[in-house]
Amino acid sequence: MHPTEHLKSLVATDWQAATRHPFTDQLAAGTLPKARMLAYLQQDYLFIEDFVRLLASAIAHAPSLPDAIPAAQFLGLISGPENTYFLRAIAALGGTTEPPVTPHPITAEFQALMRAAAKSGSYAQMIAVLSVAEWTYLDWASPHANRAADLPFWFGEWITLHSGPGFEGVVTYLRGQLDQVWPSLTPEDQAAAQSAFVTATRLERAFFDAALAGYPAA
Ligand SMILES: Cc1ncc(C[n+]2csc(CCO)c2C)c(N)n1
């Protein structure tokens with residue numbers, strides 16, 4: 001079994017809950033209340049900022065240029081089409097990105113995890129967090145890809161951004177990076193990367209739980 005398959009099997013319950021979630025089911029059915037989608041996107045926009053910095057750290061720590069190039073291309077995607085999706089969708093739903101919203105406690109936990117991974121100096125830890133963020137999104141969005149075109153763009157484009165061959169390639173690349181470096185890690189480094197993978201999956205689930213509930217004050 002590939003190391004990434006083993007890691008996923010360790011978190012099977014949270015993984016299933018995060019990728020077959022009532023929040024994303026309602027989003028894909030077009031029944032999610034607009035105010036819920038707006039609040040989610042405003043919180044997720046805070047997530048994206050630290051995600052971009054984490055991805056930049058991974059690029060800086062990649063073992064070779066060929067290992068770095070796909071991540072650098074992906075960074076361009078996030079900074080371009082994905083960023084403009086956020087700005088257009090938040091505006092269309094009647095919200096703003098400035099000033100930024102106050103991070104919900106789960107968003108803050110995710111930010112702390114990403115900042116810790118970025119600062120850790122461990123490429124495996126960085127890739128572990130990035131892999132969970134992308135792989136869980138691929139898994140929830142893919143079954144809904146064929147319905148995206150019929151939805152308002154703030155729902156439909158969120159599905160198409162996270163499905164299809166291009167995005168599958170991103171997930172394959174990230175998993176490949178973790179699988180490749182895994183055997184050369186010390187047991188301590190493996191434990192730290194596993195812990196980052198487990199925590200990230202728990203937070204993906206909790207992020208959707210909070211979004212579904214409309215971010216009630218903790
Ligand atoms: C909490 C949370 N986890 C994962 C993602 C997924 N994600 C983050 S950046 C990016 C890049 C390209 O689409 C993707 C898929 C998210 N948005 N929010």
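Backbone N, Cα and C define each Cβ position, glycine as well.
Note that TrEMBL annotation is computational and uncurated.
Per TrEMBL, active site, proton donor is recorded for Glu204. For the recorded site, Glu204 (active site, proton donor), the DSSP three-state label reads helix. Within 10 Å of the C-beta of Glu204 (active site, proton donor) we count 25 further C-beta atoms, all protein chains included.
According to DSSP, Glu134 (substrate binding site) sits within a helical segment. Other Cβ atoms within 10 Å of the Cβ of Glu134 (substrate binding site) number 21 in total over all chains. Residues or ranges marked as substrate binding site by TrEMBL: Asp44, Glu82, Glu134.
Residues or ranges marked as domain 'Thiaminase-2/PQQC' by TrEMBL: 15-212.
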TODO: Could you measure the widest C-alpha to C-alpha distance across Asp44, Glu82, Glu134, the residues recorded as binding substrate, and give it to a whole number of angstrom?
DONE: 13
Task: Which same-chain residues, if any, lie at least 6 apart from Glu82 (substrate binding site) yet have Cβ under 8 Å of it - done: Ile48, Leu161
Open item on the list: So if I draw a 10 Å sphere around the Cβ of Asp44 (substrate binding site), how many other Cβ atoms end up inside it?
Closed with: 17
